[in-house]
Amino acid sequence: MSKIVKVIGREIIDSRGNPTVEAEVHLEGGFVGMAAAPSGASTGSREALELRDGDKSRFLGKGVTKAVGAVNGPIAQAILGKDAKDQAGIDKIMIDLDGTENKSNFGANAILAVSLANAKAAAAAKGMPLYEHIAELNGTPGKYSMPVPMMNIINGGEHADNNVDIQEFMIQPVGAKTVKEAIRMGSEVFHHLAKVLKGKGMNTAVGDEGGYAPNLGSNAEALAVIAEAVKAAGYELGKNITLAMDCAASEFYKDGKYVLAGEGNKAFTSEEFTHFLEELTKQYPIVSIEDGLDESDWDGFAYQTKVLGDKIQLVGDDLFVTNTKILKEGIEKGIANSILIKFNQIGSLTETLAAIKMAKDAGYTAVISHRSGETEDATIADLAVGTAAGQIKTGSMSRSDRVAKYNQLIRIEEALGEKAPYNGRKEIKGQA
């Protein structure tokens, strides 16, 4: 009953008004799975290729009709009649047929949309929720946890048109007992932050990920206004709520220096920028820093890991791009201690699960993540629970493309109850 009988690809619109690929996989018995590929703004150079048309007369060149054509043509032909429950087999067929290292023939956006739609269709055929099916695919049936959200409440860098260099300033409601309570806490801080910003005459327009995007005097001021909002919401910073940052440092790495344009073009070496971050961790309870240096600055990352790696979580995003080959090298060299998981960086569910497993086996944490260009697709919520990853990044408390994932987590927690504990601070590397 899980034989694939029809595959449909279409061009839909993402949260930035750009096209993306949506796929449907239909099975015998009327079971259907549907999924859409997300899209990043600050991207690692070694990510799998997101195929765009390049036709400037349509969507300013960002159309995805070639990728959609791959779904409706060669991909559909190759997987029709195959068993959707064999996720690894379906993904292998598509990857082998594409025939390139970075999925540039069909596009990672095409392959991923079909991969996720196939998983959803198989879950439907098995009569189970997606998170349960993912746990089975992961070899960990029945093992779940609810992830600690990293809520991006101030957006900077490539995610906003402001003067803040560091891309994401996040809160983690580690003191909550459930994910539903964590979401409530995050919402309360988010609304108090608006009041704090308005009180200072600052803008409360939001960036790509739903966080506020004010102009600030320094990157440290972002932490200061968040600290004010946490206190105003009635929480204790460092106890109920901790802080995290995504520097996305590749975006301000120029000629071997880290240049903070928003702070008068201050330039830092790798070591100096590491100590700049170290000072921030002494002033504020920052427990996680993502991409604290450029993706190619491996010597710098080795130094940063030596300085900060036993104190806080150091997450590799552009650094590792959800790629097991790169992650393996990082583990061997002792680079960072956590990986950000974005399934469109690698382009299939099977490869994503392999990256999560490799990280966990090496004692690294895995943080499941959205992209700045999203849709209403909430698959990452099921992925986080089904792999018991423990942490999730899915933006702030506004924009339906972000909130869709939080709402799905609430539903899943309601269904699983005590089978999916919310472990709070224990999930974060160096904080147990």
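Any Cβ shown, glycine's included, is placed from N, Cα and C.
Reduced to three states, the DSSP call for Glu209 (active site, proton donor) is coil. Per Swiss-Prot, the feature active site, proton donor maps to Glu209; the stated evidence is sequence analysis.
According to Swiss-Prot, the active site, proton acceptor annotation covers Lys342, on the basis of sequence analysis. Sequence-distant neighbours of Lys342 (active site, proton acceptor) (same chain, 6+ apart, CB under 8 A from its CB) are Pro38, Gly40, Asp317, Val321, Thr322, Ser369, His370, Arg371.
Positions annotated as (2R)-2-phosphoglycerate binding site by Swiss-Prot, on the basis of sequence analysis: Gln167, Lys342, Arg371, Ser372, Lys393.
For Asp246, Glu290, Asp317, the entry in Swiss-Prot reads Mg(2+) binding site, with the evidence type sequence analysis. In the three-state DSSP classification, Asp317 (Mg(2+) binding site) falls within coil.
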**Message:** Of the binding-site residues Gln167, Asp246, Glu290, Ser372, Lys393, which one has its Cα closest to the Cα of Glu209 (active site, proton donor)?
**Reply:** Ser372
**Message:** Under a three-state reading of DSSP, tell me whether Arg371 ((2R)-2-phosphoglycerate binding site) is helix, strand or coil.
**Reply:** coil
**Item:** Cβ contacts of Asp246 (Mg(2+) binding site) (under 8 Å, same chain, 6 or more positions away)
**Value:** Asn152, Ile166, Gln167, Glu168, Met170, Ile289, Glu290, Asp291, Val315, Asp317, Lys393
**Request:** Starting from the Cβ centroid of Asp246, Glu290, Asp317, the recorded Mg(2+) site, name every other residue in that chain with its Cβ within 8 Å, sequence order please.
**Result:** Gln167, Glu168, Met245, Cys247, Ala248, Ile289, Asp291, Val315, Gly316, Asp318, Leu340, Ser369, Lys393
